[in-house]
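Peer 1: Right, I'll just put the structure down here and ask away after.
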Amino acid sequence: MGWLSRFLAAIAFFAIGVLFSPETFGSKSVTHLSAYLKLAHLLCFSTAFGSALWVTFIGGIIMFKNLPRHQFGNLQSKMFPAYFLLVGVCCAISVAAFGYLHPWKSAPTAEKYQLGFLLSAFAFNLTNLFVFSPMTIEMMKQRHKVEREENIGTEVGWSKNREVAKANPKLAAMNKKFGMIHGLSSLANIMSFGSLAMHSWYLAGKINL
């Protein structure tokens, strides 16, 4: 199925969902603007949370364990900027919608905390997008160059890198610097995911089944 077909299918299911909305059956419980904002918030939050869950705990680990290391790194260098941009945009829309629905001056304390969690997720993703991700990618490219000179990087896992680094101070220094930058990026990503996870608990409490 091509991209256009998938997009049209998504629009079709969205339209069907509108047909079965409470307003269709005469409910006046929410205004149209409020409904649209809630929908935008829910869709963007769920997209951000689901993407973070997959990339952080599933997709990245599977790729690392099955792809040659340089191939894995090159793929990550293309995927992560798009991932951080997607999650950042989704968080921004969620913040805007939630902030409009719960104005700061009149919002209860619980909603203020939730807005803070969403803002935190947004800030951590911006930090990764504009600071840590470019630094990590540049450091990775430099290290790949050194590794190619040592004829390593086509293997799966870190074993050969660690062996060569014992006799190559330049590579050892690069490993240390890369580990530090990558660690900060991972920490920011985990903090973003944690903020979204805390908001998911709030949303679960609002669902009436």
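Any Cβ shown, glycine's included, is placed from N, Cα and C.
Straight from TrEMBL, here's the annotation block:
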- 43-145: domain 'TMEM205-like' (DOMAIN)
- 36-62: transmembrane segment (TRANSMEM)
- 82-101: transmembrane segment (TRANSMEM)
- 113-133: transmembrane segment (TRANSMEM)
- 184-204: transmembrane segment (TRANSMEM)
Peer 1: Are there residues at least 6 beyond the ends of the transmembrane segment (184-204) whose Cβ is under 8 Å from a Cβ of it, and what are they?
Peer 2: 42, 45, 48-49, 52-53, 56, 87, 91, 110, 114, 117-118, 120-121, 124-125, 127-128, 132-133, 136
Peer 1: Please spell out the DSSP helix, strand and coil residue counts for the domain 'TMEM205-like' (43-145).
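Peer 2: DSSP classes over the domain 'TMEM205-like' (43-145) add up to 94 helix, 0 strand, 9 coil.
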Peer 1: Quickly jot the same-chain residues contacting the transmembrane segment (36-62) by Cβ under 8 Å, restricted to those at least six beyond its ends, or write none.
Peer 2: 30, 76, 79-80, 83, 86-87, 89-91, 93-94, 97-98, 100-101, 118, 121, 189-190, 192-193, 196-197, 199-200, 203
Peer 1: Limited to the domain 'TMEM205-like' (43-145), I'd like the whole-number average of pLDDT.
Peer 2: 96
